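Following: one structure in structure tokens, then a few remarks.
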Amino acid sequence: MPLTKLVPDAFGVVTICLVALLIVLGFLCIAYSFYFQSHVRKQGYIQLGYFSGPWIIRITFILFAIWWSVGEIFRLSLLRRHRRILSGLDLRWQENVCKWYIVSNLGFAEPCLFLTLMFLLRAPLKMESGALSGKWNRNTAGYIILYCLPMLALQLAVVLSESRLNGGSGSFVKLPHDFTRTYSRVIIDQDQVALCTYPLLSTIFLGVFAAVLTAYLFWLGRQILKLVINKRLQKRVYTLIFSVSSFLPLRIVMLCLSVLTKAEKIIFEAISFLAFLSLFCFSVVSICLLVYFPVSDSMALRGLRDMEEEDDRTVTEERSGALLLAPQNEDSLSLRGRRDSRSSSQERYVELSLFLEAEN
């Protein structure tokens, strides 16, 4: 069934709305991270520096997710029909946009997203060697770019050598067109446009890359679970492992299936949307588990430290004799009640407190 006006537009509108949602979530988490970082520095919460250490890499992870999501908008057929934004471009420019999309998303944004996730998970394992320092943030950013270069080079080679790989002049090898095709020329509304497609060779490269990192994630997960002392944190680790091991393979499978249908078919739009939705869910889950929840727990621990400081001042007054002569009245009972409630609060953040004890 050829493209109609309603279904592709619906996929496009939903995609743009989800991208906007991801961008809003990302910037809110970035602002939250900056807010927590400023409190750590200005109010002297030195011990909480452990939790604020990877804040630059957390923000980098969000920026890569935003980069990827914005790139997904440029591949939409919605922008190429009914005389919309990209339909005004020359056909050659539309083809170049599709090539840029493959290099930008499959060659840079997605590999960097996966690599940043792995480094964030690996950071707690390197705590004793100063992995959460400012130097670690700089080194990690450099490693992410360095490890991404091979994938970027492969995707760039697929895009630039498309004609040669397909048996053109000076070709090295003959492959089916689906292996290297980045766009498909179709007639929509009596205009010829270029719709973006996914080269099978690019998908294979990305799939191998994701498979290696997924295997490494399972090893990291086992190491992290040995350090986890709270069921809530265990659930987070299991959720993250499930997210990576399910959403990433689903995206690779959808991208591979997209070569079995033509770009002007509705089934291609549905498969492309499912591929986008899988990585969107992965990004949202990862941002919540690796950025929002750690900062939120740290902010709660900051409040707990404030209460402990108040307790210390109270104990000092008691030892100085200010309260030693006070009778066992309602005030003293209420003081005990507050201490009991604070003890329950300490149990809620036991895993964070132990991290702090390791610092001392």
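Glycine residues also receive a Cβ, built from the backbone N, Cα and C atoms like all the rest.
Unlike curated records, TrEMBL annotations are generated automatically.
For reference, TrEMBL has these:
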type: TRANSMEM; residues: 12-36; note: transmembrane segment
type: TRANSMEM; residues: 48-70; note: transmembrane segment
type: TRANSMEM; residues: 100-121; note: transmembrane segment
type: TRANSMEM; residues: 141-160; note: transmembrane segment
type: TRANSMEM; residues: 200-219; note: transmembrane segment
type: TRANSMEM; residues: 240-260; note: transmembrane segment
type: TRANSMEM; residues: 266-295; note: transmembrane segment
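The stretch in 12-36, 100-121, 141-160, 200-219, 266-295 that contributes the largest number of Cβ pairs under 8 Å to the transmembrane segment (240-260) is 266-295.
For the transmembrane segment (266-295), the residues of the chain that approach it from at least six positions outside its boundaries are 1-4, 7-8, 11, 14-15, 18, 22, 25-26, 29, 32-33, 36, 51, 58, 61-62, 65, 68-69, 72, 75, 77, 110, 113, 117, 120-121, 197-198, 236, 239-240, 243-244, 247-248, 250-251, 254-255, 257-258, judged by C-beta separation under 8 angstroms.
Remote same-chain residues near the transmembrane segment (100-121) are listed as 54, 57-58, 60-61, 64-65, 67-68, 71-72, 74-75, 140, 143-145, 147-148, 151-152, 154-156, 158-159, 182, 196, 198-199, 202-203, 205-206, 209-210, 213, 216-217, 220-221, 224, 240, 244, 248, 279, 283, 286, 290 (criterion: CB distance under 8 Å, separation of at least six residues from the stretch ends).
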